[in-house]
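First comes the structure, then the notes that go with it.
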Amino acid sequence: GSAYFVESLEPMEVTAGDAVCLKCQVAGTPEIKVSWFKADGKVRSSPTCKLEYSKGVACLKLSKATKADIGEYTCKAENRIGSASSTCRLNVLEAKTPPTFPKKITSLQQTEDQPVRFECRVAGSSPIEVSWLKDGEPLREGSEFSMTYDDNTAVLQISRGEMRHSGEYACVATNSVGSTSCRAKLTLQGLYPNGTNKKNLIGWSWMVSVILGLSFSGIFWLHFYSVRLFDAQTFKYSHLKICCCCLIFLPLFHGPSAEPRYPPVFDRKLSPQEVTVGDSIELECHMTGSAPIKVTWSKDHKDIRTGGNYKISCVENTPHLTILKADKADTGRYFCHASNDMGKDSCSSDITRKNPPVFTKKPSEQIEDMEGKLVKIEGRVSGSQPMSVSWFKDNTEIYSSDKYDISFKSNVAVLCIKSSQVVDSGRYSCQASNEVGGTKAPVFDVPLKPVTVDEGEKLGLRCHVCGTPPLKIQWMKDRKDLTSAGSTRISFSDGTACLEISSASRHDAGDYLCKATNDAGSESTLEPGQYEILEGTNSQIIVDILDLE
């Protein structure tokens, strides 16, 4: 027969510098000649443009796309019987560069109670998104941290540095091409007294003060290591030499030396989880630090306490939160907080709900094609992995074979019928399922049946449909939507769709259709017939069934 396209060209969008392959598949009586055209004329082979044709597949390959390559391309296939053509558009975008740091953040070492500022410069294609991490955990804007990104300069400021702010900080820059980061360490030290060596006049008062960076209680000053100094006490000497000694009494003292104390640190953090409604949720982490450590839990910054649906425990520095029976309201971000007299730490995790499959792109409701061609049916599905997909023909499952090619990649389910024949005509449906549930297109297992009524009598049409809820039912008469109004009543319960007309008249003659739809697809059952009702006679409404197949 005449040359025709089994697979047509598809529009393509690439970045400047990328390789391009425009591909299509042709068939027909040999020999077939393939030619390529662009808006400005015929395309010919060159070092940067190669034209290939083998086993029915025609390709136009560009080694490096440029702005000059933008336009519409046409592939023309012809034999002695006839010709066909396929056209697509190629669009070339400007080349984008990933982010880089011309100026990186540098490590800082300073004392407590001072503001801290990290600054770096970012280069790369816009838009660029900048975020900050501390010890691998994302930082959030708030009273402690201020983050800005203006004129390609990223700044992180800590209003008042504390010992707990020490650690490794990272600035992460991301755009559509890539992501990069730079890192630096922040080391904060406490304030300790410095020795004084100053002259003082007779009669002047001398004040010695100190600020400690550690939150200890029980601090005393001794004059010459013997006389204790009290607040507001004044000493007058002709010559005064001050020797300072600060005594710190620790809460826990063992023998001649005090055991060092450490703030809590989460060495094993909470992990994100994806759960099903009704399941129990177990959140667990591990921490180090000096006892006693106070542990609290919160969800979306609201405190959680033991009781009801929550059970909280902490054994051997392992905090544990159990949600006995999860529902939709239990999704969100959970925090575990730990604190002692030396400092505090926290970690968080997101709890998300597992989603059943939903078809975001449904298979076409009707496909007509010529015998011998490759027929391709596809649908796109979303939901929690792992997910499986099955295909059915007239409610009987089909599998990959010499006849069928079945695939499911990147959430796209594809059924290909090779060398289609008349016997392949039928109703095809796709079913997706995971551990949460499944979704399947509706099927009428009890279709509409013929009815006969007299004028003035009640007309009732009913059918039964099965499929994954929610199902939407639509009634039509002569291809026009029907609604419950006046003498017409429409209902749908337990899979049974009903249309009732309390008193049939000649205006009710026509073709009736019931259509069921869900996220997986749609199904129709149709009742066309010749309705003729004459006034004053006992004419009948006769409904015949027409098979849509």
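Here, residue 1 is simply the first one shown, and the rest follow in order.
Placed from the backbone N, Cα and C atoms, the Cβ positions cover glycine too.
Here is what TrEMBL says about this protein:
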- 3-91: domain 'Ig-like' (DOMAIN)
- 99-187: domain 'Ig-like' (DOMAIN)
- 263-352: domain 'Ig-like' (DOMAIN)
- 357-434: domain 'Ig-like' (DOMAIN)
- 442-527: domain 'Ig-like' (DOMAIN)
- 204-225: transmembrane segment (TRANSMEM)
- 237-254: transmembrane segment (TRANSMEM)
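Take the domain 'Ig-like' (3-91) and the stretches 99-187, 263-352, 357-434: counting Cβ pairs under 8 Å, 357-434 has the most. Here the domain 'Ig-like' (357-434) has, by DSSP, the following mix of helix, strand and coil residues: 3 helix, 39 strand, 36 coil. As a summary of secondary structure, the domain 'Ig-like' (99-187) carries 3 helix, 53 strand, 33 coil according to DSSP.
When pLDDT is averaged over the domain 'Ig-like' (442-527), the result is 76. Secondary structure of the domain 'Ig-like' (263-352), assigned with DSSP and counted as helix (H, G, I), strand (E, B) and coil, comes to 3 helix, 55 strand, 32 coil.
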